[in-house]
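Colleague: Quick paste from TrEMBL:
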REGION    408-428  region 'Disordered'
TRANSMEM  12-29  transmembrane segment
TRANSMEM  41-67  transmembrane segment
TRANSMEM  88-105  transmembrane segment
TRANSMEM  111-139  transmembrane segment
TRANSMEM  227-250  transmembrane segment
TRANSMEM  270-295  transmembrane segment
TRANSMEM  331-354  transmembrane segment
TRANSMEM  374-391  transmembrane segment
TRANSMEM  445-462  transmembrane segment
TRANSMEM  482-498  transmembrane segment
TRANSMEM  510-529  transmembrane segment
TRANSMEM  535-557  transmembrane segment
């Protein structure tokens with residue numbers, strides 16, 4: 001029986017793939033309507049996405065097959081949804097992130113900030129959270145976590161080793177312990193009756209010293225284990241929180257942008273880089289501060305003297321600071337390539353902010369968009385990222401031998417003369433490389449996310465074409481009697497729970513079209529529910545499998561599932577309450593959420609862009 005169950009578990013994906021369509025097939029057979037057929041496709045994709053029985057990107061391609069076969073949409077119209085303006089914004093933003101990672105600019109920024117913050121426990125955690133959140137605003141949350149965790153581990157290991165040496169020195173020599181103190185667990189036990197005799201001449205004293213040494217070792221290990229856990233969680237959580245601050249920070253944000261433009265084509269570009277940042281950045285800062293306070297309470301306590309140090313310096317601080325300084329020195333002086341990438345990055349952000357700031361006409365409005373939305377954030381992203389393939393990586397334009405040819409040169413010492421001559425002919429001179437090349441882009445570009453975005457846009461369009469959106473909106477009409485803030489709060493908790501077990505991309509893709517139709521039916525501003533639910537989809541803090549940053553932190557071996565669940569449960573609540581506070585205060589003023597917009601009425605919502 002055990003072997004049969006094991007076989008069933010190992011091959012579960014095949015059963016899900018073939019049995020699931022048969023189980024929900026009665027829906028389109030009994031109700032032969034476009035709404036039922038589209039519902040069949042959406043339910044099938046939702047189950048495939050939740051179980052991940054097939055790669056998420058392959059599941060996202062199912063509308064290309066199902067919609068034409070079911071008579072919901074023509075194939076040409078479905079395929080167009082897979083490469084829209086939002087996808088271009090995503091690709092352009094990722095090219096910038098790849099360039100930053102390729103030239104290690106993100107590590108230089110991280111270490112520079114940490115050297116300023118210092119190594120006292122609370123400030124160290126704060127510094128890592130700030131740096132991680134800032135970097136994840138622009139580059140992959142996964143890459144940010146993978147870079148920051150080893151740095152934090154190296155610093156903490158140095159602090160632990162220094163404290164161990166200091167403890168040993170105090171016990172052996174009777175000196176005051178100047179080690180790095182973190183929590184109240186590390187109580188220093190006085191040595192009574194300690195004389196100047198050498199331990200070897202006093203066996204009883206030697207035994208007592210050994211016992212105290214073992215006790216302090218256990219206390220120190222317990223203390224640093226808590227700090228390791230707190231630091232690991234602070235890094236992975238701040239990566240997810242930081243990604244919510246910018247439109248390109250994480251995929252759900254871009255899905256909202258694309259769905260808004262697709263479902264409400266006359267929305268006057270209500271969601272762009274500047275407007276998203278104006279709402280999400282203050283919310284990110286609030287969540288980050290509250291998360292730091294919660295993790296500080298769980299793992300460090302609120303002893304200001306021990307956590308912040310009150311300006312005290314000791315050997316442990318200096319050694320840990322030296323670790324970070326040595327890591328920074330390994331980077332060497334800033335190269336021309338790093339400087340060029342930094343300049344392009346800064347110019348891109350400035351162009352994004354000033355394209356359509358909202359409170360005044362932007363440069364795009366004055367120069368290009370007087371008669372339509374000709375220039376978008378995607379246009380700017382692709383233009384600036386193209387420069388990476390044009391600008392050289394160094395000012396030295398001398399010729400060089402390619403990497404493969406250098407490998408050939410090393411092999412010449414063991415080959416015969418004829419082989420050497422053949423390899424000499426193969427040598428090719430190469431000019432100065434550009435900041436990026438396609439090989440680097442191909443290795444780091446997550447093309448599957450592009451297909452996921454397209455699949456979400458295709459689902460939204462299919463729901464409109466089939467009338468499923470209208471049908472769902474009518475069924476949700478009784479929600480009109482519930483206060484709007486309660487609707488938003490309930491939906492955020494629902495999405496936050498769902499995203500713990502499913503991809504945040506899949507969660508956003510499935511929920512947003514339904515929320516849009518519900519808001520249109522009950523006369524609620526679509527962004528009032530779509531915006532907080534989109535950010536809530538990124539708040540997956542409880543399980544190691546919920547997000548890649550969580551999985552990376554868990555893989556370091558110091559965390560248990562219960563540790564992440566206890567810390568993450570409260571953080572989920574904190575995040576959802578922060579989002580709803582933002583949407584009912586500055587979000588209400590920014591987007592005029594108190595009134596139902598003209599562009600969201602039924603005529604505009606169902607029109608073709």
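Just so it is clear, glycine is given a Cβ too, placed from its N, Cα and C backbone atoms.
From a predicted model like this one, the values you see are computed outputs, not experimental measurements.
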Colleague: Given the transmembrane segment (111-139), which of the listed stretches 41-67, 270-295, 374-391, 482-498, 510-529 has the most Cβ pairs that are under 8 Å apart from it?
Modeller: 270-295
Colleague: Do the transmembrane segment (227-250) and the transmembrane segment (535-557) come close, with at least three CB pairs under 8 A (pairs 6 or more apart in sequence)?
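Modeller: Counting Cβ pairs under 8 Å (6 or more apart in sequence), the transmembrane segment (227-250) reaches the transmembrane segment (535-557), since there are 3 or more.
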Colleague: At a threshold of under 8 Å on Cβ distances, which of 331-354, 374-391, 445-462, 535-557 pairs most often with the transmembrane segment (88-105)?
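Modeller: Stretch with maximum Cβ contacts: 374-391.
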Colleague: Who are the chain neighbours of the transmembrane segment (331-354) in space, where the CB to CB distance is under 8 Å and they lie at least 6 residues beyond its ends?
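Modeller: Result: 96, 99-100, 103-105, 107-108, 111, 138, 273-274, 277, 362-363, 377, 380-381, 384-385, 387-388, 391, 393-395, 435.
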Colleague: If you count Cβ pairs under 8 Å, which stretch among 12-29, 41-67, 374-391, 510-529 touches the transmembrane segment (445-462) the most?
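Modeller: Of the candidates 12-29, 41-67, 374-391, 510-529, 41-67 scores highest.
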Colleague: Is the transmembrane segment (510-529) packed against any residues at least 6 beyond its ends, judged by a Cβ distance under 8 Å, and which are they?
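Modeller: Sequence-remote neighbours of the transmembrane segment (510-529) are 42, 45-46, 49, 255-256, 259-260, 263-264, 270-271, 456, 459-460, 463, 469-470, 472-474, 476-477, 479-480, 484, 487-488, 491, 495, 498, 537, 583, 587, 591-597, 600-602, 605.
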